[in-house]
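Chemist: So TrEMBL lists the following for this protein:
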- 90-124: repeat 'WD' (REPEAT)
- 138-179: repeat 'WD' (REPEAT)
- 180-212: repeat 'WD' (REPEAT)
- 223-260: repeat 'WD' (REPEAT)
- 267-308: repeat 'WD' (REPEAT)
- 367-395: repeat 'WD' (REPEAT)
């Protein structure tokens, strides 16, 4: 048996405009298998098999920490005829569900924060009758919980609150292990670094603070900082380009070098205050949205604006799918699913709603989170419910 294996990578540029610093490649696998078989029945069989296999892969330029640096990872699945279908609801909060977080390490857990001053750890059963139930409520904040995140190991959570503090929670016990005191106004956003060693927060006091996990403030960013409320802060997951992205009511998206805490880029373009920013799983893209109803896509490696997508209404939250070319936007009227390959809106999600009384209003989605496997989109609403939308093939 003689086997020859040849491997060639041929880059293409058809999608380079919206996926910077990535390699869109064709993997051409030529397998020549020559078999010469001499059978005992005096039968000579010459079999020449030529297999030409084309695989269309999207290879990221960076590699997650959990993977070996030399291994390429497929970050996005090919576009398919799929839709999002309502799978169930979670009821337990008595105020708007302002933030949601999921865990790769514990796929059956969901964390939510609310205007009712609490966080809830949910156990997800995914049953048709009961999609999940509250496993534990986390009490401690004295005002609205504005944001929450889970550490990459799934053991801890961080929360930000209008009581001007952050809290670090041990999820197994529900105990607060650290309080972070230093902001002089409502804390609106919080984020863990990829290695869980650093924490960043943004506040209505117009500052961005970096903390260690012991609750010590290591640095406060004020030089060339935001001139209005800091509405959102996020660490990039890319260890090759360690940056912090922030957004504010001054209509700016700012990118900061983590090592020096100095400004790297001011992204200008929004015409209204910005509510949210989100970073793609490979750290190459950032999306921002707010009052002007426009989602702006930014290249974090090249420090430039790529293009904009119109949502048509104020944007409360944004999230990239972990394994599809999708960007989801929670607006004042619906959840919009953008296909980044097509640069167009491909789906719109609205819950069933029946008005009860003159003052009743259709619920708005104000928070979003994908399950780690990219099969479920969790959405927090102003009617205090969490709705779960599942990805299904179109019939």
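Note: Cβ is positioned from N, Cα and C throughout, glycine not excepted.
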Chemist: Residues sitting near the repeat 'WD' (223-260): Cβ under 8 Å, six or more positions beyond its termini, same chain?
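Modeler: Here the qualifying positions are 62, 64-65, 188-194, 198, 200-204, 206-208, 266-268, 270-279, 281-284, 286, 288, 290, 296, 298, 300-301, 303.
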Chemist: Applying the under-8 angstroms CB criterion, which one of 180-212, 267-308, 367-395 scores highest with the repeat 'WD' (90-124)?
Modeler: 367-395
Chemist: What does DSSP give as the helix, strand and coil breakdown of the repeat 'WD' (138-179)?
Modeler: 0 helix, 24 strand, 18 coil
Chemist: In the repeat 'WD' (223-260), how many residues does DSSP call helix, how many strand, and how many coil?
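Modeler: Per-class counts: 0 helix, 18 strand, 20 coil.
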Chemist: Under the DSSP assignment, what numbers of helix, strand and coil residues are found in the repeat 'WD' (90-124)?
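Modeler: Breakdown, helix to coil: 0 helix, 20 strand, 15 coil.
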Chemist: Where DSSP helix means H, G or I and strand means E or B, what are the helix, strand and coil counts for the repeat 'WD' (267-308)?
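Modeler: Residue counts in helix, strand and coil order: 0 helix, 25 strand, 17 coil.
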